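Working notes, beginning with the structure itself.
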């Protein structure tokens, strides 16, 4: 069956049908408390993503401590990184039911618990459960709310806000690498993980800063366009009016249905409570418990209904073909960025460059340039004459080229240049939430971005162990970079082909209609 561009939620042509209506926004939108949310997200990226980028230090400690193969030991880091992202769709369910703030606070406690328990590990398999699963799930419960809240608080400067908040990954990779090196050298890796667990409790403070907006403030992009440039809207895939309308109708129907159920249940409970005022205090206490349970049940049902409809309902995100291509890209992309962080310390050791790398580690170079890459790419993408989609694609082409050429560099200077380019081009991560929101809208950002980071998580989960496994066979990391780079290129090709197909189909149908 033919699917029009409106059906898939994109418009590559004229956006004149979507009129901008003046709306009175919350003063915290694009200002005020919005910058506190950016600060919270920035700190989350330092404590979670930055720590994960520094796991190469702990990976070497685990290799010496447990005397296991590189492939098996790499699974510890991969599980932590992968599960942080893979749980994204399920964290979307938590957000739908209890909001970003509560989800992040619970995740902060769980993440700290995973680090502390890992300090008592007796073997690698113990780390799989404590650090890989426990800390990984906790990280996911903080990471997704941190990204979603920035998207909710910003409309006009969204790319810049996401760029500033995600620079925490670069700062974190630089700071955590130095911190873990110092702690492991002076206190041992076990005490280092215990101290890091205590530091991770600050994630609860970050979660507390995620003040929720009222539903009326969550204005759709249909009314508040991110850019005033019509040319920019025509260049990049954007949300169509019909898609917003269909999704809005579905959500309104769910809300009306649940509201009616809520009033019916609570009304009956209140009636019984009033009639039982003459009864004992025990009965009144039981009625209050029943009322609380009823409210909780309605909240869970409503959250699950919204979450389920986003994935499997009539307005399912998977009916959007360009979004599906975006998922396929995400399945191959992230491992190409993660592999250098995990295995660069070993590669430097093989090339006898440890003395130079100790002065200024290559992973720190990636992290520092990564900070500037995110900010600069965010500023460029917010320019009226620039398409975010095109900036995103160009950064991906640069990164995949660097991944394929890295094995050819065997001097410290050449590795420094390639690592700097990897750091800058990987700044496109700050554009991922923006691109996702442009594709599906603010209302579905939590679930849609949850799917994207889930695909990234699968990539991160299997990438480093695969590289370690290839090394165990060939005693070289070259083929690991070549294979991951080629798979990454396949994902980019999917991004290029799908929009061209969708742009061509409406023209073909219009020509058939003219012939008839």
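Yeah, the Cβs are placed from backbone N, Cα and C, and that goes for glycine too.
Not measured: the values here are computed from a predicted model.
Here's what TrEMBL has on this protein:
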- 234-249: compositional bias 'Polar residues' (COMPBIAS)
- 37-503: domain 'Major facilitator superfamily (MFS) profile' (DOMAIN)
- 225-249: region 'Disordered' (REGION)
- 33-55: transmembrane segment (TRANSMEM)
- 75-96: transmembrane segment (TRANSMEM)
- 103-121: transmembrane segment (TRANSMEM)
- 127-148: transmembrane segment (TRANSMEM)
- 160-180: transmembrane segment (TRANSMEM)
- 192-210: transmembrane segment (TRANSMEM)
- 322-344: transmembrane segment (TRANSMEM)
- 359-377: transmembrane segment (TRANSMEM)
- 389-409: transmembrane segment (TRANSMEM)
- 415-436: transmembrane segment (TRANSMEM)
- 448-467: transmembrane segment (TRANSMEM)
- 479-501: transmembrane segment (TRANSMEM)
Top partner of the transmembrane segment (322-344) among 33-55, 192-210, 415-436, 448-467, 479-501 - counted as Cβ pairs under 8 Å: 448-467
Top partner of the transmembrane segment (127-148) among 160-180, 359-377, 448-467 - counted as Cβ pairs under 8 Å: 448-467
Contact yes or no, the transmembrane segment (192-210) and the transmembrane segment (103-121), 3+ Cβ pairs under 8 Å, gap 6+: yes
Local confidence of the domain 'Major facilitator superfamily (MFS) profile' (37-503) - pLDDT mean: 77
Cβ-Cβ under 8 Å with the transmembrane segment (160-180): same-chain residues at least 6 beyond its ends: 34, 38, 41-51, 53-54, 56-58, 146-147, 150-151, 153-154, 192, 196, 341, 361, 363-364, 366-371, 373-375, 377-379, 382, 423, 427, 429-431, 433-434
Same-chain residues at least 6 beyond the ends of the transmembrane segment (415-436) whose Cβ lies under 8 Å from its Cβ atoms: 147, 150-151, 158-159, 162-163, 165-167, 169-170, 226, 326, 337, 340, 344, 348, 353, 362-363, 365-370, 372-378, 381, 388-389, 391-392, 395-396, 398-399, 402-403, 405-406, 409, 445, 448-449, 452
Top Cβ-contact partner of the transmembrane segment (448-467) among 359-377, 389-409, 479-501 (pairs under 8 Å): 479-501
